[in-house]
Amino acid sequence: PRFISVGYVDDTELVRFDSDAENPRYEPRARWMEQVEPEYWERNTQIAKDNEQSSRVDLRTLLRYYNQSAGGSHTIQRMYGCDVGSDGRLLRGYEQVAYDGCDYIALNEDLKTWTAADMAALITKHKWEQAGAAERRRAYLEGACVEWLSRHLKNGNATLLRTDSPKAHVTHHSRPEDKVTLRCWALGFYPADITLTWQLNGEELTQDMELVETRPAGDGTFQKWASVVVPLGKEQYYTCHVYHQGLPKPLTLRWEPPPSAVSNTVIIAVLVVLGAAIVTGAVVAFVMMRRRNTGGKGGDYALAPGSQTSDLSLPDCKVMVHDPHSLA
């Protein structure tokens, strides 16, 4: 089985371990992490390798709990970390475990008790209660987690507290039955929180809007899109609105017809005065050009929603770490 461990502060990846790498080691993914002492990488590489082995045991345990065969693909996901406020104090700690994409067990907000999602998870819950797992996790979340988050914020504040404003545009995609899809794209933004909405004459179209999850662009920024289906010829009544921390004010966009379509229309209008025969030829030429140009300019980048306020003081930040204890 493949084991991957990733650490984040807010939307920025810090460190990564991948058991399928040629030389599996904990590696920095953010530039400021290169300042960390070598002992950190040695220590956490060994922890990751230990966790890889314990995760194999956990996987076999869950296969037994759910009476499943070893064939096929199965996944255990763990996420735990801490949220701190602008004063550096702990706001919330958490640990969540999922199996094959479904909730399994989670640490409650009191950091003292667990919630099991099903009968199999109850077995793990009872074992963890007897072993004092919640107390150990609470000690980590209130101690080392907060300390490391403070250190990351100090070393990486230029990256973590930056804002990259989204670049937005609207594309036009043909559909059958005199309908078109208008898709509003937001690209290259950071942090990931963003809101995209479509409006018709000032009324929000939340029920009729298709929205994708915010996606990483691979360069430290994010992308998202939202689309609506509208009647052909009514595109100008629809507006896309983009809200993001990096914008001085929200963006309002409409679909803009390509310049070639506008210039063709002007040519036809001028030729009309030259006589019926010439007008007929001009109309035929215009229709042919329109057919050649029919279709939207698509793209496979995306844009997505989620609101963020613009606060110049230090925002609340989160850190996620992966250091599992056994489910067995």
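Keep in mind that glycine also has a Cβ here, set from the backbone N, Cα and C atoms.
These figures come from a predicted structure and were not determined experimentally.
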SER73, SER260, SER313 - residue that Swiss-Prot labels as phosphoserine: SER313
As recorded in Swiss-Prot, which of CYS102, CYS240 forms the disulphide with CYS184: CYS240
Disulphide partner cysteine [Swiss-Prot] for CYS145, chosen from CYS82, CYS317: CYS82
Fewest other C-beta atoms within 10 angstroms, as judged across CYS145, CYS184, which are the disulfide-bonded residues: CYS145
CYS145 (disulfide bond) versus recorded positions ASN67, ASN157, CYS240 - nearest by Cα: ASN157
Sparsest-packed among the disulfide-bonded residues, when each Cβ's other Cβ atoms within 10 Å are tallied, from CYS82, CYS240: CYS82
Collapsed DSSP category at CYS145 (disulfide bond): helix
C-alpha spacing of CYS82 (disulfide bond) relative to CYS240 (disulfide bond), in angstrom: 35
Those glycosylation sites listed as ASN67, ASN157, and which of them has the most Cβ atoms within 10 Å of its own Cβ: ASN157
